[in-house]
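**Q** Mind looking over this structure? Questions follow.
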């Protein structure tokens with residue numbers, strides 16, 4: 001960890017080298033009151049520097065701590081965030097594009113949890129995008145996982161879906177602050193007891209598209225897990241008031257006997273058949289079940305920031321750590337000083353890993 005006048009220096013081109021470094025680093029800066037300087041932002045991307053959705057996310061974090069933000073312009077390749085006093089209340093972030101509301105939420109939610117009072121976030125943009133977690137993943141998988149840290153007061157609702165290229169979606173996140181996060185233990189996967197999910201179409205894509213995705217995904221999962229595992233995927237066509245533009249998507253979730261949730265999801269490319277998205281989602285779920293861990297790869301990287309902040313030792317079993325998970329660990333170690341231990345559980349099984357950390361036990365001293 002390189003320090004400059006009490007500031008943590010981060011190279012934004014490290015590892016994944018994208019927006020995740022910005023989201024996690026600024027969230028830590030807010031929660032810990034630690035100034036951060038990030039250089040080489042998205043240096044390896046086709047269009048390096050800040051994009052509009054990144055700018056909206058870090059600007060929201062700065063607003064939530066009355067911080068001073070330097071370099072806050074599109075295409076900027078470096079920023080500084082100097083946190084001020086953390087505040088709660090109502091905040092709005094509008095990407096004015098199809099930029100992911102869920103990625104903005106990833107940065108803002110830790111800040112809301114360590115604010116002095118209740119927070120309401122209104123996030124506008126894309127809700128179901130190709131290169132980001134779908135909002136359904138947040139409500140159906142991430143939110144239940146967050147409760148394991150002792151968080152019982154987060155409510156994420158979809159006011160309106162929005163898709164590429166128009167955006168226009170709206171997500172409302174309501175959050176009460178916590179004093180401290182509990183450590184988590186997710187080491188016993190158990191057996192799959194049911195599979196459920198949601199398949200939807202909106203706009204010019206008719207209900208039969210969602211039905212085709214449901215049927216195809218259920219068939220693929222059933223062929224692998226067997227007929228004894230119940231499968232129930234809700235199928236809906238969103239009314240005009242509930243969606244802007246045209247889109248479709250599916251999420252398929254396996255719940256185990258120990259309460260673990262693992263998922264696969266996909267957003268339909270409108271040039272493809274619904275069965276194509278269904279196969280992507282079903283294959284993703286089965287691949288995540290195959291490694292024997294307790295979380296899928298998309299949940300694992302989102303848990304890292306909370307594990308680092310929690311009090312006590314957290315242990316999570318997962319598949320081979322993704323580049324996003326490795327990046328989240330690197331950022332957490334730079335900002336908090338904690339040390340993660342990542343190990344292969346069994347030398348004869350290169351698919352199952354364990355990620356462990358003694359969290360810093362951060363306390364919210366401003367909680368009302």
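Note that the numbers count up from 1, one per residue, in the order the chain is shown.
Glycine is treated like the rest: Cβ placed from N, Cα and C.
Whatever TrEMBL says is automated annotation, not expert-curated.
The structure displayed is predicted, hence computed values, not measured ones.
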**Q** If I go by TrEMBL, which of 75, 96, 106, 130 binds ATP at the same site as 298, 299, 300, 301, 302?
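**A** Looking through 75, 96, 106, 130, the residue TrEMBL assigns to the ATP site is 106.
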**Q** Round to the nearest Å and give the CA-to-CA distance linking residue 298 (ATP binding site) with residue 324 (active site, tele-AMP-histidine intermediate).
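**A** Distance between the two Cα atoms comes out at 8 Å.
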**Q** May I ask for the distance between residue 324 (active site, tele-AMP-histidine intermediate) and residue 106 (ATP binding site), taken between their Cα atoms and rounded to an integer number of Å?
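**A** A Cα-Cα distance of 13 Å.
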**Q** With an 8 Å cut-off on Cβ distance to the 106, 298, 299, 300, 301, 302 Cβ center, who else from the chain surrounds the ATP site?
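**A** Other same-chain residues near the ATP site: 133, 142, 295, 297, 303, 304, 324, 325, 328.
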**Q** Neighbour count, 10 Å Cβ-Cβ cut-off, for residue 300 (ATP binding site): what number do you get?
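**A** Around the Cβ of residue 300 (ATP binding site), 27 other Cβ atoms lie within 10 Å.
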**Q** Give me the non-local Cβ neighbours of residue 106 (ATP binding site): same chain, 6+ apart in sequence, Cβ-Cβ under 8 Å, ordered along the sequence.
**A** 23, 24, 27, 302
**Q** With the ATP site defined by the record as 106, 298, 299, 300, 301, 302, how many Å span the farthest pair of C-alpha atoms?
**A** 13
